[in-house]
Amino acid sequence: MEQFRGTTIVCVRRNGRVALGGDGQVTLGNTVMKGNARKVRRLYGDKVLAGFAGGTADAFTLFERFEGKLEKYSGNLTRAAVELAKDWRTERALRRLEALLAVADKETSLLITGNGDVIEPEDNLIAMGSGGPFAQAAARALLDNTELSAREIAERALNIAADICIYTNRHLTIEEM
C-alpha cells in the first residue's frame, strides 16, 4: 500500500514571537486526498504549538503522546520532547511511526524525530517535509533581508514552497504566540 506523504511545515521566531505554519495537502501516491488538513495545532492550554510532517495517523498518535508528556512535566517543552523521543525510539509500537514533529513555546523551538533526535535550531528556523528545503531557503532570506514579522515570514515561505513542491498547497494554517 502506498504511503500518505508530503507536506511543508515551517516555524519562525522573530522579535519575541513564534509562528508555526503548515499547508493542508494530504497526498496518497500521486493523488491529492485532502486539501484542507490541519497539520498545526495548539496544545497544553494553547501554550505550545505543534506541527507534523509524515503519516497523518502516526502524527495524531504522537500529538497525543506529546501532550501527555507536557502534562506530566508541567509544560516543560524540552523535557517533554526528550521523553517523547525516548519513547518513540524504544517502544516497539511507536518505533514504526513515520512522522516528524516541530514544537514551540514562547522560548524554545524543537524538531523531534523518531530516531530519538531533539534538535533546537541555531537560526530561529525549522522547516520540514517535502517542501521544507524551499520554505527554509525562503524564510532564511526573509529573516536576513526584511523586517517582516514571524507570521508574515512563515506565510510567505509556505507560499513559495507551494509554488515549487507538488506535495504542498496554499491552504495554510498558521498559529502564532
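Just so you know, glycine gets a Cβ as well, placed from its N, Cα and C.
For THR7, the entry in Swiss-Prot reads active site. Feature annotation from Swiss-Prot assigns Na(+) binding site to ALA162, CYS165, THR168.
Sequence features, as recorded in Swiss-Prot, placed on the structure.
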| residue | record | Cβ contacts under 8 Å, 6 or more apart |
| --- | --- | --- |
| THR7 | active site | GLY22, ASP23, GLN25, VAL26, LYS39, PHE52, ALA53, GLY54, GLY129, SER130, GLY131, TYR167, THR168 |
| ALA162 | Na(+) binding site | THR8, ASP23, GLY131, THR168, ASN169, ARG170 |
| CYS165 | Na(+) binding site | GLY6, THR8, SER130, GLY131, PHE134 |
Per DSSP, three-state class assigned to the residue listed as 'active site': coil
Residues flanking the Na(+) site, with Cβ no more than 8 Å from the Cβ centroid of ALA162, CYS165, THR168 and excluding those residues themselves: THR8, ASP23, GLN25, SER130, GLY131, PHE134, LEU158, ALA161, ASP163, ILE164, ILE166, TYR167, ASN169, ARG170
Protein Cβ atoms within 10 Å of THR168 (Na(+) binding site), excluding its own: 29
